[in-house]
Structures are given as structure tokens and as C-alpha cells.
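Novice: Grabbed the feature section from TrEMBL, which reads as follows:
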COILED    835-884  coiled coil
COMPBIAS  934-949  compositional bias 'Basic residues'
REGION    927-957  region 'Disordered'
REPEAT    152-185  repeat 'TPR'
REPEAT    187-220  repeat 'TPR'
REPEAT    330-363  repeat 'TPR'
REPEAT    527-560  repeat 'TPR'
REPEAT    561-594  repeat 'TPR'
REPEAT    713-746  repeat 'TPR'
Amino acid sequence: MKFPVDNEDNLAIPKRFGGEAIMYSNSKLPEVDTVISELSGECCKSDVWRTFALAYYRQNKISDFYKIILKAIEIRQSHIDENYHILKLYDALVSYEIMCCWKETDKLGDKIFRYHESHILQRAFYLLYEGQKLEHAEAQFKFITNTNERNIPALIGYACILYNKKEYFKSLKYFKKALKIYPKSPPYVRLGIGYCLLKLGYIEKAKVAFERVLELEKDNSYALTALAILDFANNTLKSTTAGATKLIKSWKLDTNNISTALELSDFLFLKGEYEKSEKYSKIALQLSESKLMKGRSHYFFGRNLHQKGEIDLAIYHYAIAIDLCGSNFLNPLFGLGQLYAKKRKFEKAIEYFEMFLALSPNNIEVKKALIMMYMRSSNVDTEKNYTRMCSIKKYFSELLVGENQDDPLLINEYSRFMEKTNISISLKETSRLINIYKDLKNDLCPIELVNNYGVYLYMNGMYLQASTAFSECFARIEKIRSKNQFYAESLELTLTFNLARAKEELGFMDDAIELYEILLKWKPNYKEAILRLGKIAEKRTNYNEAISYYQNILSDDPNNVLALSALGYFYLNRKNYLEAQKSFETIIKLPNQRTNAYAYLGLGTIWLDQLYKPNRNKNKDDDHISRAFEMFSKVLRYHPMNIYAGNGIGVLLTFIGDYEKARECFAIVRENLLNNKGPWLNLAYVYGMLKNYLNSIQLYKAAIDKFGLDEDTETLIALGYNYWKKKEYINAMNYVNKAVNIDPFNLYAIYNLAKICTKVGLNILESSNNSLTEIDNAIAYFNKAKNYFININKSLNSDNGIKIKWKYLNIEQITEEILICDNFLKKANLLRPKILEAEKNKEESKNKQKEVILKLEEEKLVQLKVLEEQNIEKQSRLKILRNEFLNMNKDALKILTNDDKKKNINKNENGKKKKKNDLEDFISDDEVVENSDKKKRNKQGKSERKKKHNDINKNLK
């Protein structure tokens, strides 16, 4: 113990009624009783008493110090004006007592009874009861059980310590050991066994243990409460009724049982009887002494306050519950997260939900809550925001599977999450959610969900369907109005505005204006409606009216960011850069708008536009470039994913000629802005500047198809230019000609078409072996180009305004182009007669060749005719000869009858010589033919056999 040192050598006791003070030396102090009598006699103040007490303490006269302090407190305690100094006396006394305490602990505390079993046991139970220093209590119980294994209180105490440490199996072992050693142990030993079995999941065995407790002690409130909890776990009407009966009986038996009070509070809360639940939680709070039970009581009481909507009080009790039970107590952590979410303190809510998730990583409800909190939190640094977005994606991938795939809350939050990156997915998921509600039939789809569906339809450009969805919501408002008038009115405002926006996009401007005016009747300060009226006026070119609407908002609220932005962009579109700059700078100067992306984008665009002004001062280009870079860089600093700023930087890089970096910028922007034509056209232009004409052409064509730019003259001219660079002049001419047809007064398009015509004509002229048609085409191209140049020249000379508008067209150059066309025409006209004569000669030679070929063909035909006639004559002659021959031999060819045959036989039998038949030696034509055929077949058979024989021999070799 240390006290402040008094540096003075002497001590003084001031006289009560004046005069010289009584002086004492610090080194020679009188007897303590003398000092006390003098101090009390002179009615000295508390600080004088304290000074003398410390002087005695420094001389190690501890008992004297103690005596002075006690006497000073006794005498001076009634003096209210000396409260501060009396407190100092108490401080000195407490310090002294603590020092004595430590000395006793260190030296004498356990010296006498260090190994006395009863002393150690009592101290261990004291520590266990207090709930503090459980490690010390465990050491004490362990010491006893090691020295005496049959010490029942030590075994039970050690089992309780293990139960609190959640080592239920070990705890059960020691409870059972105590029961085995002494079977007639009190019922609470079996109660402990039941608790352990319950924690280990042996429900039936736990139930048997609790019932055995009731057999031993019918009025055991704790066993009844435990059995009631088991009945509630069965979750049937019968078991719940039985559980409630047991709880009521338990409470009647013991109105000091904190567990019963808490279980009654929980049961009544779940039953919806919140007042009764609060009553029992209050009783539990008053009864509980240990930290654990007090913490649980605070939680139950806080939960009732939470339900009543007393948020601050509920937060207070939840916080105490966590302090008493530790951060492992999950329920109040979740409650705190919910309450801070209600207070819109999302960062605080996230803190508690993340603590909960760290302890219970698979909890679905907490993941849902974190998804919602992450999506609603703001003003978070980039790294943390990126981490949270990754967590959201991870949680959605984990949750949107299996049973949770059709969870309405998850689907709705997923739709909200995807609306920033892929609005079509949001629309698809919301449509799926509406179908889920329709399938339920009994559950009507929430009107808020249908409104969201309409918004997503609107964002996808499906304005007619969006209008239908909003109208459907209007039809259901009356039902809500009967239940909640205020909510119905706020919903009606939102739906009216949404429907007006849909009508506006559909082109029904009058209907939209009418709806906005209705909104302003209901709520005259509805600034969004006034802004939209200004935008409609702007579209209708009623510029003064538009400005008046914006100024109307600013007159009521000079710092209205939406109105300032609208006014700034209005002036920017009208090329009134000074006023636009003022509006944007006003926004940035506002304390909470220093990171406003729209304002910085507007300022960047102003400086960017200065680089493309017709009559700009080129000496200021560097300044304008640096300012534009600065503005776009600030946007990206505060909003790293802002693609419009990226696009602006890409345009600047293109302007300064850094095409490779510009390409990278536009590529990133195009990936994120697939439905915006700007990045597509910019990227195509940069590819052209990098001489990658093929990619440039492909991108231009893709943009034309995707965004319907068939009649966009600038895009068509750019595409024609790339074909020109690729030396595909016919394609170039087709696209530029299309641009001229769309806009006949576009002198740049006409000039480009004239140049292409000149080039096509020149290519024909320079090629060898030109035909007359090709020369005529070249002359036509030159004439067309010349006429185009003459028309441009006339237009530029006719009006000075046109000359300013088409400032990049040089009259002298155009005059020169006309002369070039004349020269080419002269060359073409000189070549034409030669080509004409050559073609005539070619034609004549072709005609002569044709005549020769015709004569030859005629001669061939005559020869063929003669041969044919000869063949016919020969055939007829052969036919006549054959007929004559047959007629001559008609009799010889007759066939013998049966009678003739018999006569011939009879003649032979009579021994007469047989005469040779006249026809014996005659061979008919048919026989000749047959014989010749046989010979031929024989020859063929021999040759085939010979051939086969040769083939066999070859194969054998």
C-alpha cells in the first residue's frame, strides 16, 4: 500500500478559537492518545486527522494509524461539507485492509488448515456458488477426489463443475460414481444424472432419471420442470398440455424455483400471452443470484420488451444477458442484431449477427439476416464492401438449394441483390416468386411484390406490362385501406408515381402529367413529381417551363440535390456550360455531397466537351484534359465501379492518342453497359484507330443490329470509313450511300461518298484489260463524284452558316477534287474509243469464228445424212436378197409327213439301197447360226478355263 508523502518536517494542530498552532515534529511523534485528544478537542478537520494518521503509518506504527483513522471517521462523519475528505479517510482504511488481507493470504491464510478437507470443500463450494474462479473450484474438488475418492460432496461438486464446462459425459461419470458409492444419495444426484443424459441426447433415459427423482421426492420442483421441458419437446397437443400442467404444479410447489419461472415465461411467450410471460421473467430476474440464471432472466425479460417494441430497454437487457453469460449466449446476440436493424443501425446489427455466425456457422436465419444487412449498409470502405458482396454471393449459393429454393424471403432478397448487375434475373426471380404465391392459392401475393415486379418490368423496358402491374396494384388498395389507412395512402402515392413513369415512357405524356398533378394535390411538396414535370417540359422543348419547375423546388429547398442535378444537366445539354458548372459545384460544396458521382461526372463532361467545341482555343486543351481527368478520377475514387467515369476517361485517352489504354477502358465499360450503345461505338472507333479494321467493322455491325442504328448516319459513315481503310471500296460506298439517302444534307457523308466514287472509278481505270462496260462505269463514278463535289462547293459558297457547320470541308480542296475528277474523266474518255475499237475487232473475229464453225457443222450434217441414206439402202437390198433366197428354196424346206416316213422305212426293210436325201447336205440359216453360236461358246469356255488355269498357277507361285 502506498500513500502520498507529506514533504513538510512539522505537523500542526490549529487552535479552535485562534492562536498559535500546536506543533509536532515528524521524527518525534507523541503518544497516539494525546494526538487523538488534541485533534478532537480542537475540532480539527478530516484532512488534518488524515495527515497525522499517515505520519504514524510512515513510522510503521500501524496500530496507531488504524486508531486515528477510525476515530476520525467516527467524529467527522456527520460533517456533510467534508464528504470528499471523509472519502479519503475511507480510501486509506480500505487500502490498509486489502494489504492485510494479501499478507494473510500469502503467509498465514492456509498454513494452518491447508490440507484440511472440510475447509477446502467449503471454499470450493463457495467458489462454485459464486460462479467465479471455477478453475480454482475445480482444482479444490479435484484435490479432494484425488486424496479421497469416496468423498461424495467432492464428487458431486466436481460433477457440477464439469457440467458447467459442458463436459457432460465426464459429469455423468462422477454423478454415477457418487450414486454407486452411496445409493441412498439425495434426489438431486439423480437430477444431475438426468440433466447430463438430456444434454447427451438420451431423452428416454433422462426421463427415467427425472421420474425416479419424483419417486424419491414427490414435490421436487426441478424434476417436474425438466419433465415439462421433455413434454414440450414432443410438440403434440397432449404433450404440451401435460407439460404446462407440470410447470404450473412445479411453480405451486416452489415459487422460488428460477428455472420454473423462466420456463413458464418461455411457454407463455410462445403461447402469445406476453404480459404473463413478462411477469414471470421479472420474478426470475428478482430471484436469480448466480450470473448464469440472472443472464437468462435478463434475456427473457428483454425478449418481452422486444416484442412490445420498447427497443432501447430490450437492447439494455440483452446486453446485460451477454455480459453475465458471455458472448456464447446466442439468443440475445440475435435479438440485438434484430433491434439494431429496426433502428437502422445496420453496422451494429452486422456486428452482432457476425458474432452469432462465428459461433453457429450453419445457421440459416442468421445468414438471411446478414444478407439483408449487407445489402442495406452504406458508407463502407471499398475493401469491406467487396468482402461483403462476396459473402452475399456465397450465402445465396448455399441457401438457394433444396427446401430453401422456394423461400420467398430469399428469392425477394436475391432479386434486390441482382437488380444492380442483372435486372433481367431480378425480373425472372420476382416472376417465379409471384408464381409460388399463386400456387399456394390461399395466400394472396403481397401488393409490394407486385409493385416490385412492375418496377423490374419498367427497368427492362417493358413499359406496357409494367403499367398493367401497377394498375393491378391499384385495384387492391381499397382492401388495404380498410385495415391500415396510413399505409394504403403511402402505397397509393408510390403506385401513382410508378404508373406515371410508365405512362411517360409509353409516350402518354398528358396522362403522366395528370397523374403527377394528382400527386401534387395529395402532397404539394412531392419533389420527384415536380422534377418529372420539368423533364416532360424539357422533352417538349418548353425550356422556360422546365427551368421554372426546377427553380420551384430550389426555392423551397436550395440544397435539393436532385433539382440541382436536373438543372445542371439541363444546362449541359443546352451547352450553357457556365450555369451547368455552377449547379454541379453547388452540389459538391454541400457537406454530405462531397462524393456525389453525378456532380463530378457533370463537371468532367463539361471539360470534355470543351475539347470538341468547333472554335476552341487549342492552347487550353491541356488544361481542359487535366481538369476532366481530375473529375472522372474523383468519381472512380469514391465509386470505383462507376462505368460512366470509365467511359469518360476512355474518351480522353482517345483524344490524346493513347488508343491501347482507351481500348482497355471501353472494353471494361462495354462489359458492364451491354445495353448502352456509347461504349460499343467508342470501342469500335478505337479499334479503327489501332488499324484493327476487322474488329472495328464487326463491332459497328453488332451495334447497328443490337441498337437499331440502321438510320444513324454517323455510325454508317464510320463503318464506311473502316471499309475504306480496309480497301473494300464497294462496301464502303454502299454504307456511305445509305447515310446520304437518310440525310441528304449531310455534307460530310456526301464528301465521303464522292471520294469513294472517285477511288472506285480510279481502280477501274488503272486495271488492265478493261471492258467497255467497266470504262462506262468508271466514267459514271467520276461524273457522280464530280457532281457531289460541285454540290458541296455550291452549298458552302451559298451560306456562311453552312460553312461554319461543316467547317472541316475546305472549298479549295473540293475545287481541286473537281479538277481531279475532270482529269480522270478525260483519261477515261480517251481510253473509251480504243477499247470500243478493240471490242469491235474482237466482235468481228468472234463472228468469223462463228461462221466457220457453222459451215463445218453444216458439212458434218450433210455427211451424216449421206451415210444414213447409204445404210438404209444397203439394209433394204439385203432384205430383198434374203426374201429371194427363201422363195427359191421353199420346197426343199418342207417337213416330211408320217406317211412319207413309213414309206421310207418300208423301202429300207425290203433291202433296197437307201438313197441320199437331197436335203441331207443342205444346211439352213438357223443351223448355221446355231453352229456358229456353239463354236463361239466353246471358244469362250476354253479361253475362260485357260484364264482360270493361269490365275491358279500365279497364285500357287
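Note: Cβ is positioned from N, Cα and C throughout, glycine not excepted.
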Novice: Write out how many residues of the repeat 'TPR' (527-560) are helix, how many strand and how many coil, based on DSSP.
Specialist: 27 helix, 0 strand, 7 coil
Novice: What else in the chain is close to the repeat 'TPR' (187-220), if you only count residues 6 or more beyond its ends and a Cβ gap under 8 Å?
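Specialist: Sequence-remote neighbours of the repeat 'TPR' (187-220) are 156, 159-160, 163, 166, 168-169, 171-172, 175-176, 178-179, 226-227, 230, 233, 253-254.
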Novice: What does the DSSP secondary structure composition of the repeat 'TPR' (187-220) look like, as residue counts for helix, strand and coil?
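Specialist: Taking each residue of the repeat 'TPR' (187-220) in turn, the totals are 28 helix, 0 strand, 6 coil.
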Novice: Mind looking up the mean pLDDT for the repeat 'TPR' (152-185) in the predicted model?
Specialist: 88
Novice: Please report, as numbers and ranges, the same-chain residues at least 6 past the borders of the repeat 'TPR' (330-363) whose CB is under 8 Å from any CB of it.
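Specialist: Result: 298-299, 302-303, 306, 311, 314-315, 318-319, 321-322, 369-370, 372-374, 376-378, 380.
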Novice: Tell me the residue counts in helix, strand and coil for the repeat 'TPR' (713-746), as DSSP assigns them.
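Specialist: Split by secondary structure, the repeat 'TPR' (713-746) comes out as 27 helix, 0 strand, 7 coil.
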